[in-house]
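Some features that TrEMBL has for this protein:
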REGION    1-33  region 'Disordered'
REGION    103-152  region 'Disordered'
COMPBIAS  119-152  compositional bias 'Basic and acidic residues'
DOMAIN    309-522  domain 'Pre-mRNA-splicing factor 3'
REGION    512-533  region 'Disordered'
COMPBIAS  517-527  compositional bias 'Basic and acidic residues'
DOMAIN    545-670  domain 'Small nuclear ribonucleoprotein Prp3 C-terminal'
Amino acid sequence: MLRIYENVNRRKNSKENGTKRREKSSGGGMGRGELEEICDRYLSRREEQQKVTEAVERCLRKGYDYDKMKDRVLEAISDSHRAHKVISAICIAYPQFRKRTKFEENTTDSKRSKKERGRSRSRERSRKDKERGKDADRDNRDKDRRRRDDEVNKKEIEKEKEKEKLKNLAKELYQKKLEEEEAKRNVVVTEETLRAKELMYKAQQEIEERKRQLGLAAAAQTLTGVTAQPAPTAKNVALRPQEAQMFIQASMNKKNRVDELKAKLAKATSTINSLVRPNAPVMAPLPDIPPGILKEREEEYLQEEELLEFMDPRISARPAERKKKMFNFHEKGEFEQLANKQRAVAKLERLQAEISQAAKSTGISSAVKLAMITPAGKSSDDVPDIEWWDSIVLESDSYDAIPDTSVETRFKDTISELVEHPIKLKPPTDPMTPQYLKVYLTSKERKKIRRQNRKEMQKERTEMIRIGLAKAPAPKVKISNLMRVLGSDAVQDPTKMEAHVRKQMADRLKKHQQANAERKLTDEQKAAKKTKKIAEDTSLAVHVAVYRVKSLLHPAKKFKVEMNAKQLQMTGVILLHKNINLVVVEGGPKQQKFYKNLMLNRIKWEDEVIGQKKDADKDAPGERNSCQLIWEGQVKRRNFRDFSVVTATIEKQARDLLEKHNVAHYWDVAYSTTVLLDGQDATPI
């Protein structure tokens, strides 16, 4: 609270200094010569210059703000661009015209002006509405608006009262703190306090001397291996100037007293000597102590010192006394409450064990653990001096670093009307080369093109023969044109000519078959062609589909599901479980389209009863099998290397199998939909 009060005083002082500076600048004011220089710099027409100077001088006399000055300058100048330049130059020359910042604005004045404007508008509307016959609705709205304004005013008044209370409290605390400091300064140092400090100093000196003699500090360091804290010395005892002065005076008084006592003792001894007679009998001397006793005493002292060296001072010797037992009376019902608490704890532990066992069997234990580990969020009531997002921008620990000047004046050279448009980037899924749609010709067009190509080839061949670059081919003789081609030879020896023709026909057939065989693809080429036709590019995105089948005991249907996925070169898994059979397939869009048709349309799942390995009749009792598409979408990369079949006995094992491939959420979705569907089936209609 004290810090808040100090900050408030600092801000008030800074504001007062700023207002004084502004008053000086406005009072001292720039002369008319600077205004004329601004007009000469930006305006060429004399009429505009005169209008601007008159408008600005009028605004200065009347004490107008930035907005009114801006409106008058814009009216005087026809070119808006030049007008804005003149306005900015006038604001720099005359600080009283600059825009007011957030901290300089008076919120109460702005709110009052808004309310007055709203009330004037409401009066105008009510007058018009009465003319139109809508005064009743308008009155209701005005009442609501007045009620809201009154509520807002009440809230503002309450807030101002709270602020005043806080300020008064901070002021009182600050005054108390100042009074305490003043009281500490004015404390009278008494002689008793000095004596206490002197006794403390002497006690500390005696403790140090005793430790130095016994050497306990060094022994404790070697035994424990921990550096002992140094004992307080005379340097640590701090005295204030008044205490030091009193201490010196007390020591001087002591010295004077000691000297006086010595003088008195000297006088007393002289009087005693004068009283004693010279021949008076003297007291007999004490007998000498035998040397044996002295040796025994010295040995005992040495043994005690040796024992002290090996003794740990931290261990306190306790007397061997038994503590007295006292009567301890228990109130009625105390043990019953204890037993009830223990029963409740045991019941809670049993419930927790059942819940954890159920969570392990369903595979949701990890989520439960995460929920238990996650700490609850705590909201702090402390109001920071500056918000963290503002501290990054301001690079300061408070809002006092914000300058008083407006944004337009601070960033006049950097802010402009230009807008920077960033370069558009291509999405990562778009191919690098442009893709064009294939155009297919009709059968008539294909025949026509083929005919034209043949005609061109034949024309080229005949031209080569005509020039002499190619040899003319032998006539193509058939049984049908034998007489027309051979003529007289066929008449002379028809059998020979027939054999010759048949041989030519066989050669032509052999040549045709040989050309076909050469064009024919090998088994490897056929497989590669088929693979190329089926395979799809999944480098950009992989399409995934998850199916849930109630039962996959039917061998033929299980074979179709597995073999079609392998033939389509899809990856994934078939997860077999007693309650849920999950089929996950990954591939391209064409592959997914074919496989989706297979799973949902081609395979007749309804013809099978769950638990049987063959198709059943329509009237056969039992629950029918079904297949559902749970989810389909796109992922970035494949999670399976090939297509496989896996069997799981419990839900936890099934989830762990999918967790190895980072797709445990497929099981969660399938299991949750199964539970929901079972619940819907169980509810009565």
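Including glycine, each Cβ sits where the backbone N, Cα and C put it.
Note on the domain 'Pre-mRNA-splicing factor 3' (309-522): mean pLDDT across this stretch is 83. For the region 'Disordered' (512-533), DSSP puts the residue distribution at 19 helix, 0 strand, 3 coil.
Across the domain 'Small nuclear ribonucleoprotein Prp3 C-terminal' (545-670), DSSP classifies residues as 46 helix, 36 strand, 44 coil.
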